[in-house]
Each structure stands twice: as structure tokens, then as C-alpha cells.
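TrEMBL annotations:
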- 263-295: repeat 'ANK' (REPEAT)
- 310-342: repeat 'ANK' (REPEAT)
- 343-375: repeat 'ANK' (REPEAT)
- 376-408: repeat 'ANK' (REPEAT)
- 411-437: repeat 'ANK' (REPEAT)
- 479-511: repeat 'ANK' (REPEAT)
Amino acid sequence: MDGVSAAAAILQLAQMAGQTALEVYNFCSAIRDAPREITAISNDVNALKPLILNLEGALGSEAVRNVVEEDPEVSNALWTLAAPIKNCQSALRLVKDKTSPYLKKVGSAQSPDSVGKSDDPQIQRPRFSRTYVLWHFKRKEIFGLLAELERAKSTFSDAMGSITLLLTLKLHPQANGTRVLQEGYEFNADLGSVLNDYAVSVVGLRLDDNQSQTSETTTTATATPARSDHDAAQELKTVVSSGSTFLLKAALQYIQVDSRDQKGRTALSYAAEWGKYDVAKVLLDEGASVSAKGWSLSGRSDGHDPFFYSGATPLWWAANRRRTDVADLLLRHGANPNSRTTSGRTAFQESCWWGDVDTARLLLSKKADINAQNCHGWAPIHEAVTNEQMGTLELLVSHGALLDIATMQPESKTALHFAVERQRIDMVELLLKSGANPQSLMIEDVTPLHLAAAGGWILGIEMLAKSWGVPLDPRDTLLLETPLHKAARNRHVEAIDRLSALGANRKARNVDGQTCEELLACSLANPGQWDVPTHLATWMESGYG
């Protein structure tokens, strides 16, 4: 797009993405009796659609384009939207292209002009229905599309929010020309609406000569430049740890508030981690960046795993340390509730892992994504179940979290797999009663019943088989083994007897032609040679080689 202004280029991209968003939304919302994953896609697109359309509408205004093009700072910021918009459009197209082959049109098609105008029940708008369709695709594929769309949407939202913050700061500078965000500002991704307001304000200032002169007045005071080196950041960190707001204000006279240490962390990041509310408030009042991320490290630092901590924002640290009051303060100063670490973890995921229901509720009230997945496909529901946080799981279920969303390879587990692995009957019951698939598949098509048998968990076997009627003889794809074989490998004789009493086929043979009795005899003779890990129920511990 060489030679094209930022406003014109982004307008063109927004128009294309907006059209695609409308097509995908109309497509998904027309599916009759749609399952949760399709409904989730529809909801995601419905939330994204107005942001794109508002941006398109704002940039379609000549007045807005003129204001943007005359301000290099805003114009340069606008260019940062190019890649996120393209990614969103690509993800939206992928959703439609991957889903449409599995659906079948029902009813009689109308002409475009007649859609929505006829009251004749015999003439139906083209629709898609589960009733008339075989859903051949695996749900994991749809969950993968959801994750891709959600990541693209998050990046786009983050970029738009950063520009709305810039515009807000430009409109309300302090008397000395510095930009400090006032408390009460919430993260806002609706850049289109903010651009319109910004253009109106700028034009109004130009018409008012006195106000214009005031806004252009700057103070010129000679002062020693504030330090921002690593040593200065370390000094500021020490002051933050003391909790003294008096010392902090003194230090900020000669140290920049967003100075970064050797890990890329700012003073606000440490204040959030340590729960220093008053210190955090002073830092924010002095203009600290609420969205500053730590750098992406490759080695452990202070006992911290880089996978979890790299790229963490102050809000993430507050959630990680269960500092609900600090998290609330940060959100009131414009923190993005869906900002991610380098590995894709959100603050909401952290609160779910630690069972911090208060912070989780707070983040949900600020529109945190309840199904956000990290780069390995872990969603908040996986975090809650894996760390056995029943209260958090109840919160997630009550707010409509996707129950069958799977982690990525190699394990590809759902929340139900994790609940069975942990042998938490209360979690298993809640998930199943809320609509989780009792026959969901993980690596090598291992079912929850396979895991229950491998762990010798009688309660789980009975609930799945008796209460939910799952098939007793499903086979994995690698060893062709039934739950009886898994119980035999791990020498769980009681589980073998219980499965048999429920009707499992004791004569079923695995890939080596062995029955469960023959496999049990081998395992009893050489225990270490036949076991399978209870969290996998297959001996494929890592990948596929």
C-alpha cells in the first residue's frame, strides 16, 4: 500500500474485514440447533463485527481522515492495525471455508431481495440445520478454528485499544504537557467511536482561538533528564518493595516511572505482584504504563518459568498473585482484561488456575474472554479442573464456558479427561450434567472411560457407564485396546471385575491379539514392562517421534 495514507489503507482493510465478518455471522447464526462451539463462533464474530464496522464508518468520514492524516503520531499508530485486521479477516474466512462443507442447506432459497420480506411459511430463508446434517468433522477442528479466531480478535482488540488510549491522552494533557491517564478510564477497543469523538474535539479546539492557544501552551523548564537505565529501574524496584509512597514520589523526581530492569519489568509490574496498592496508585497517577509487558526470556529467572512469566503485564501479575484490589485498580486505569503473555496466557486464566473466584468475577465483568486459549490450547476450564478448583469450575460453567474445548497435541484433552484423571467425581458430575461429551476423545482416541480404567477408579467407571451409558468397549487407535485392557496393564483387578459386571467384553483382543486376562498375566509377571501412565492410558508419552 505504498503511497496510500494510513487512514485510506486501514479503511480499505476494514471494509473487506467488515464484509467477511457479516458473511460469517449470517452463516453461523442461521444454523438451526447449533452446538456450543458454533454458537461461540457466532458470538465471537458478533462482538468483533461492530468494532470493525465502527472503524470503517469513522474512517469513511472525510473530517476524520483529515484529522488523522494531519497528526503523524495518530497516523503512525493507525498503521499498526494493518496486520491485525488482515489476520482477523483470514481467521474469519477460515471459519467459513472449513465449516461450510459439512453443512447442508434446507428449505427453499429466496432471492436476495425477498429475504426477510415474506411472511409465507412455505418460503424459507436458506438455513443450515443439525437435524438434517451428519457432522462428519471432529469438534477439535472447530475448537482449533475458535482458538485461531480468538487470538486474531484479541490482537486486533489490543491494537485498537492502544490507539484509543493514545487519543484519550492527547485530548486531556496536563498543564505541563505530560500525559497521565485519569482513574476511571476502562480499556476501550471501539476505536471507530473514539476517532469520531476525537475529530469533533480537534475541530472544536481549532474554532476556539483561546482554547487553541491554551492547548498549545507548553512550559519550558530546565531540568535534569530522568534516568531510565537498569540500575535506576532496580533502585525504583527497591523503593516499591518498601511500600513507602513518600520515598516513591521522591525517587520519581529523577527516575522515569516506566524504567525497565534487565527482565523488562517496570515498577508497576512489581507493585502488582507484591500487592502494593497505594504504591501502584501513585505510579499510575504519575503516568505509569498499565500495559507494559516484561520481556520474553528463555531461561528461568528468580525461580520463574519463562513459559508462564514472559510478556506478563501488571494485570497478569495481580491475577497470578491473587491481588483483586490491585487488579481492580489497574482495570480502572485502562488495563486490557484480555492482554496475553508471550505464550498466550491471560489474567483470567491465572485467576482460574489459582481458584481466585473474586478476581475471576471481576475480570468477567470487564469482558474477559472466558474461552481464551494459550499457545498450547489450554483454556480457563482446563486450568480450573487440573488444579482442582471446584468454585472456579462452577463459575465457568454458569457463565457458559465451552466444555469440550480441547488442548492441542500431543494430548488433546478436554476438561472431562482432566477431571477423570484427577478422580474428582464432583467435577465429572458437574461437567456431564452441564453438557460435556462423555465420549470425548484425546490422544489416540482415548476416552474418559479408558482413563478411569487405567487409574482403577471405580466411582468414575460406574458414573460413566451406569449413569451416562457410555460404550464399554471403545478402542484406542494405537493399541486397539478397550478400557479392560488399560485396567489389566495397570493391574487393577477390581476395575476389571466391575467393567465385566457392567457388560464389557472380556474376549476383546488388542493389536497383539491379547485379551485382558492375558495382558493382566503379563503385567503381574513384569509390572514395569506393561504399565501405562494414568494421565494418558497409552504408552506414547511424548509426541510421535
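Placed from the backbone N, Cα and C atoms, the Cβ positions cover glycine too.
Unlike curated records, TrEMBL annotations are generated automatically.
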For the repeat 'ANK' (310-342), name the stretch out of 263-295, 376-408, 411-437, 479-511 with the most CB-CB pairs under 8 Å.
263-295
Chain residues in Cβ proximity to the repeat 'ANK' (411-437) (below 8 Å; excluding those fewer than six residues from its ends, i.e. six or more beyond):
36, 139-140, 377, 381-382, 384-386, 388, 390, 393-394, 397, 403-405, 443, 446, 448, 451-452, 455, 457, 459-460, 463-464, 467-468, 534-536
Quick one: average pLDDT across the repeat 'ANK' (376-408), no decimals.
95
